[in-house]
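Student: Below you'll find the structure I mean.
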């Protein structure tokens, strides 16, 4: 591949990645993910008053709210209208950054120019379309920003430690803003920096271990200090911190275990390097498969067959990762990426051993996304190494080109197979990301017209804060969907409850029979209806409401 072909390949990957992340707009003009609708309310309040509505915010929502507010000020558009486009762009930027990182990893692994370009393009295309990463890099959610900032910050710290002054400001800005972006993202960064200390003790090329110790200590202090100060000095609150603060001994144990293991690991022979990390990554697939047979988290959803069949082909990335990891550890960038995989492994270990609850299942799903960037980079380098061990081997003959093409097709086919997972609704996942205008209008009608408490499924209740109300309750609807009589209070009802079911997150959705749905409409008054494809009704009991 010449440079012109590489540029065209990367531009095409960016455009495809952007198109996939804006695809939800074809189904609804509203943001993908209910959190985006809640953020729209925060942005509207900030624009109207000129200050953050801190009493309604978490401490790690400030930066993201500020970003969307700035876009609203500049464009004059409401957040509901622009946020999906903005986040689609942000979610696609890591594709280009990954290409540059993979190119550096490949060069440091001794791959020639042609092979380096091949690896960079393969990495870009894989990250652009791979379904699990796509599902977390297109929502209007602060973690979408973190998926860019965490690898950028980690790589910039290593380059800074090597006295490349151009990266000092990138390190400072990234580490400075992360705690205000998302607490899980900031925690992953803190773990990765800690792991780099131990690795630097064994690898002189990474720079001084004392420098990593200083950077890590300062960042931990800033992360914890920001969280405590923002919680103490403002009306904003800290959320979800108990998942970590409740098990400090477990956090320390997993961090020490992975740190010691990695410090030992980097000095081992190539065969052991391949085997150990490949087993770790394969173990994640095994957990996914076991959960399809029996729930690992009791009472919570099992792996849907669509998810299992879509994700299983991605195991090819693990094989290529195993090929590439020994050589990539010869360079600073590859070692940094392995440290990021280690940080994710720490959180996965905590999530599986702390408590098998919905909160830790959510943490497990969110944190695995950070492993995709380093795994794809190293796997793409492994693909280039598999094609030809010597520099420039890819261009040596037709057979090498055939192998390169076959590997690229294999990886991209596996990535394409996982795309449906990203757009799965209640027929695939336990929650849906798309909110229709009818659903938003219906929730607004309830807030405006119902004085007392009301009920709806998890999705309908989740989006009502946009209208300024938190009176919706999910428990009465949960009871109805699972067989109990209709509640004695107003209830938002959807026609799709008879097909894919009502959202009961974190549990699986539950459907009602056509007979029960018709009976509900006959026995209660329908005072409002909206929508075409999936009608939303406000159903109220005849006579006096007994409350929710």
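Glycine is no exception: its Cβ is also placed from the backbone N, Cα and C atoms.
Any TrEMBL annotation is an automated prediction that lacks curation.
Pasting the feature list from TrEMBL:
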type     : residues : note
TRANSMEM : 85-103   : transmembrane segment
TRANSMEM : 144-161  : transmembrane segment
TRANSMEM : 167-199  : transmembrane segment
TRANSMEM : 211-230  : transmembrane segment
TRANSMEM : 250-267  : transmembrane segment
TRANSMEM : 276-300  : transmembrane segment
TRANSMEM : 306-325  : transmembrane segment
TRANSMEM : 337-358  : transmembrane segment
TRANSMEM : 370-391  : transmembrane segment
TRANSMEM : 403-426  : transmembrane segment
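Give me the structural setting of these features: burial, nearby parts and distances.
Tutor: Remote same-chain partners of the transmembrane segment (250-267), defined as residues 6 or more beyond its termini with a Cβ less than 8 Å from a stretch Cβ, comprise 191, 194-195, 197-199, 201-203, 244, 273, 276-277, 329, 335, 338-339, 342, 345-346, 349-350, 353-354.
Same-chain residues lying 6+ beyond the ends of the transmembrane segment (306-325) with a Cβ under 8 Å from its Cβ atoms: 109, 126, 130-132, 273-275, 277-278, 281-282, 285, 288-289, 292, 334, 338, 375-376, 378-386, 407, 410-411, 413-415, 417-421, 424, 427-429.
Counting only same-chain residues 6+ beyond the ends of the transmembrane segment (403-426), those with a CB under 8 A from a CB of the stretch are 20, 23-24, 118, 122, 125-126, 129-132, 134-135, 138, 304, 306-307, 309-311, 313-317, 320, 379-380, 383, 386-387, 394, 432-434, 496, 500-501, 503, 509.
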Student: In the same chain, which residue numbers or ranges, 6 or more beyond the ends of the transmembrane segment (370-391), come under 8 angstroms Cβ to Cβ?
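Tutor: Long-range Cβ neighbours of the transmembrane segment (370-391): 94, 98, 101-102, 105-106, 109-113, 115-116, 118-120, 122-123, 126-127, 130, 132-133, 147, 150-151, 185, 188, 281, 317-325, 327-328, 334, 337-338, 340-341, 343-344, 400, 403-404, 407-408, 411.
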Student: Which stretch from 85-103, 144-161, 276-300 shares the most C-beta pairs under 8 Å with the transmembrane segment (211-230)?
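Tutor: The listed stretch sharing the most Cβ pairs with the transmembrane segment (211-230) is 144-161.
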Student: Quick test of the contact rule: Cβ under 8 Å, at least six residues beyond the ends. What residues does that give for the transmembrane segment (144-161)?
Tutor: 63-64, 67, 87, 90-91, 93-94, 97-98, 101, 133, 136-138, 167-168, 170-171, 174-175, 177-178, 181-182, 184-185, 188-189, 192-193, 196, 200, 206-208, 211-212, 215, 332-333, 335-337, 339-340, 369-370, 373-374
